[in-house]
Amino acid sequence: MPKAPKQQPPEPEWIGDGESTSPSDKVVKKGKKDKKIKKTFFEELAVEDKQAGEEEKVLKEKEQQQQQQQVQQKKKRDTRKGRRKKDVDDDGEEKELMERLKKLSVPASDEEDEVPAPKPRGGKKTKGGNVFAALIQDQSEEEEEEEKHPPKPAKPEKNRINKAVSEEQQPALKGKKGKEEKSKGKAKPQNKFAALDNEEEDKEEEIIKEKEPPKQGKEKAKKAEQMEYERQVASLKAANAAENDFSVSQAEMSSRQAMLENASDIKLEKFSISAHGKELFVNADLYIVASRRYGLVGPNGKGKTTLLKHIANRALSIPPNIDVLLCEQEVVADETPAVQAVLRADTKRLKLLEEERRLQGQLEQGDDTAAERLEKVYEELRATGAAAAEAKARRILAGLGFDPEMQNRPTQKFSGGWRMRVSLARALFMEPTLLMLDEPTNHLDLNAVIWLNNYLQGWRKTLLIVSHDQGFLDDVCTDIIHLDAQRLHYYRGNYMTFKKMYQQKQKELLKQYEKQEKKLKELKAGGKSTKQAEKQTKEALTRKQQKCRRKNQDEESQEAPELLKRPKEYTVRFTFPDPPPLSPPVLGLHGVTFGYEGQKPLFKNLDFGIDMDSRICIVGPNGVGKSTLLLLLTGKLTPTHGEMRKNHRLKIGFFNQQYAEQLRMEETPTEYLQRGFNLPYQDARKCLGRFGLESHAHTIQICKLSGGQKARVVFAELACREPDVLILDEPTNNLDIESIDALGEAINEYKGAVIVVSHDARLITETNCQLWVVEEQSVSQIDGDFEDYKREVLEALGEVMVSRPRE
């Protein structure tokens, strides 16, 4: 049997990514040459491996160049498309943005209170005009950043011996797949918000981001932007105020405010506020201590009301546990009775009463589990004083001038001024932690002012008031905040105390200024130039400031010293020309009865006369006919019975509450006086200046002037008429404290008769007016002074007069 041929061992399989060449093609003899041959073989293998690696490197570089070219071409195409669609897209984007965020938007009720948009990164301008547009712009900038720097494809393994061909091709396939996913995920949508509604694109972007290396810096930036976004949203929600009659806000706690969770005081340092490009506050500090009553004073138009609104809207960082209320709008006119409008302001009480009714219904149906919760509800109602709520609301309304019938009258039956009183009553009824009142006496008569003055003297929570009524500030306030030179300055005590301290401070500043000017003059006389003298003086001030800082360890005054400026004295002086003597009586009503058609008479059988030296203040609640009495004295109304008698040479100067109706709005103040009294140009301007109207306002149309400026034009007109009798109906409205003082001094110096209706207690007391009370269709003179009248008013309301020592 022939032997089978000897089988050769199987050829080893060659693993590689090139051509498979078997080493068995060459017969190798055993012996010393074998080692030499094997060494030559591995040397050849190393050479081949090196060549293959270089080829792969070249291919990889070409592939990367192609990818970069594709990205650049795509970017150019998108840029060209974006330029063509920019106008259309921008309008569509902002329109869609406002629709999506409509519930969070703030109505532009006041131009001064616009919330400034956050500054975009890198100094780029935002496309939108609000905070949301700025945030969307930041998001689009991040997407463009990712397009400029796409994720790098996975690198292929260099070890060709340990990799199979299928495994080597896999990275390339993955890179291709990743490129396709990126091209899908990063394709620009038709607008910025399409990506928010496309879940598939969001998932693809998340897959790509998982493959990218972590970017902690970018994540932190996004987190910070999100926190800022939430803060802005909370601020805008608060500013919206749901079109309510007053602003009540409670902001979300930020990380910084969390440290102040239980804070009862407000401490804000170095804040700035600007409006219409005008800086109102620069590096100002706000300090409000709990349970103190502050009066905020300063010239008109400098930002007092703006500050109150920023606090109410929490544009400034107010501790979150302090609830803030700014009473600034009248209640809605509807079928709700006035007393119910006040009671409904306490939403917590309403919820407890509703829960009480629900739990009682459950008990009646045999549900005994509600008993425990009902007991807790009763305890909460007792703690909030719910049983006495209606009595408290009616007491407040009565003090503000509402009789029992008016308290049950629907709010739509009241005028705007009376609805404003209802709004004030709601604010007093709610008792917030910080109550802010902006000119609360403007819509009140004297009796209501007396009651409010007395009521707020017993206020136990924090109070911040803006008012031009010096008597009101003297009685109510424990501290004064003075807005001056874009800063807030604090004085302990009432307004009278502040006035004395401020005058002393101004005298000291004037002395320092004069000393500085003397030093500068000496340096100039010694050969120094003006610039050198000022520099040397500043250096001396710097040394003095550093010395004081070391002595007092004062870290607040870090600003570079500036040369002192002459202290500005805000002085207003009203003057009325003295009339010639007239024989008495110069004016009077004799047997006068008057009533409007279809109504019961306001007056019956009035009989009195007025002399040239009379000083009369007519007082009484709203609606009794005080303004009507003035119209009868001026001859603008004719009595139903009886007659008005006056001296044939008598000239009457009448200041009406609706003084704007007598002005010609298209004229300037100068033109108005020139036309009415044939005055030279300079004389007309001098007359306006005497009543505190700024020189730049002399040549502005009257329709563009503020209420206070228009009032000064009317006072100037009265002076030009040279009246024998001044009849003034609420002349202090829209005047600041300095102007009211000037008016009081002018009345005291005036030689003619004065009849005034006013709710300003200080004007009444400073002019020593006799008090004539209008009540029950008659006019009678009070025996006693103003303090006696206050006591009578409060006793009639069942109140006890608070006697607080002046600080």
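Using the three backbone atoms N, Cα and C, a Cβ is placed for every residue, glycine included.
Annotation source Swiss-Prot lists region 'Disordered' at 1-221 (among others).
Among the features that Swiss-Prot reports, phosphoserine is placed at Ser22 (among others).
Sequence annotations record features per position, and here Swiss-Prot assigns phosphoserine to Ser24 (among others) based on similarity to another entry.
As annotated by Swiss-Prot, compositional bias 'Basic residues' applies to 29-39 (among others).
Residues or ranges marked as compositional bias 'Basic and acidic residues' by Swiss-Prot: 47-64 (among others).
According to Swiss-Prot, the compositional bias 'Basic residues' annotation covers 73-85 (among others).
Per Swiss-Prot, the feature phosphoserine maps to Ser105 (among others).
Feature annotation from Swiss-Prot assigns phosphoserine to Ser109 (among others).
What Swiss-Prot records for Ser140 (among others) is phosphoserine, and it gives similarity to another entry as the kind of evidence.
Per Swiss-Prot, compositional bias 'Basic and acidic residues' is recorded for 147-160 (among others).
What Swiss-Prot records for Ser166 (among others) is phosphoserine, and it gives similarity to another entry as the kind of evidence.
Annotated compositional bias 'Basic and acidic residues' per Swiss-Prot: 206-221 (among others), in sequence order.
According to Swiss-Prot, the feature domain 'ABC transporter 1' maps to 266-510, an assignment based on sequence analysis.
Annotation source Swiss-Prot lists ATP 1 binding site at Gly298, Pro299, Asn300, Gly301, Lys302, Gly303, Lys304, Thr305, citing sequence analysis. Summarising the environment of Gly303 (ATP 1 binding site), the number of other Cβ atoms within 10 Å of its Cβ, over all protein chains shown, is 23.
Positions annotated as compositional bias 'Basic and acidic residues' by Swiss-Prot: 521-542 (among others).
For 521-564 (among others), the entry in Swiss-Prot reads region 'Disordered'.
Looking only at the domain 'ABC transporter 2' (587-802), the predicted model's pLDDT averages out at 92. All chains included, 15 other C-beta atoms sit within 10 angstroms of the C-beta of Asn300 (ATP 1 binding site).
Local packing around the binding-site residues Lys302, Lys304, Lys626 was summarised as the count of other Cβ atoms within 10 Å of each Cβ; on this measure the leading residue is Lys626.
Shown in sequence order, Ser706 are the residues of the chain, 6+ apart in sequence, with a C-beta less than 8 angstroms from the C-beta of Gly301 (ATP 1 binding site).
For Thr305 (ATP 1 binding site), the count of additional Cβ atoms within 10 Å of its Cβ stands at 20 [all protein chains shown].
The Cβ neighbour count for Gly298 (ATP 1 binding site), using a 10 Å radius and every protein chain shown, is 20.
Apart from Gly298, Pro299, Asn300, Gly301, Lys302, Gly303, Lys304, Thr305, the ATP 1 site neighbourhood in this chain, defined by C-beta within 8 angstroms of the site C-beta centre, holds Leu483. In this structure, the binding-site residues under consideration are Pro299, Gly620, and the one with the smallest number of other Cβ atoms within 10 Å of its Cβ is Pro299. Counting only the Cα atoms, the space from Gly620 (ATP 2 binding site) to Asn300 (ATP 1 binding site) is about 29 angstrom. Each of Asp445, Val774 belongs to the same chain as Gly620, Pro621, Asn622, Gly623, Val624, Gly625, Lys626, Ser627, is absent from that list, and has a C-beta within 8 angstroms of the C-beta centroid marking the ATP 2 site.
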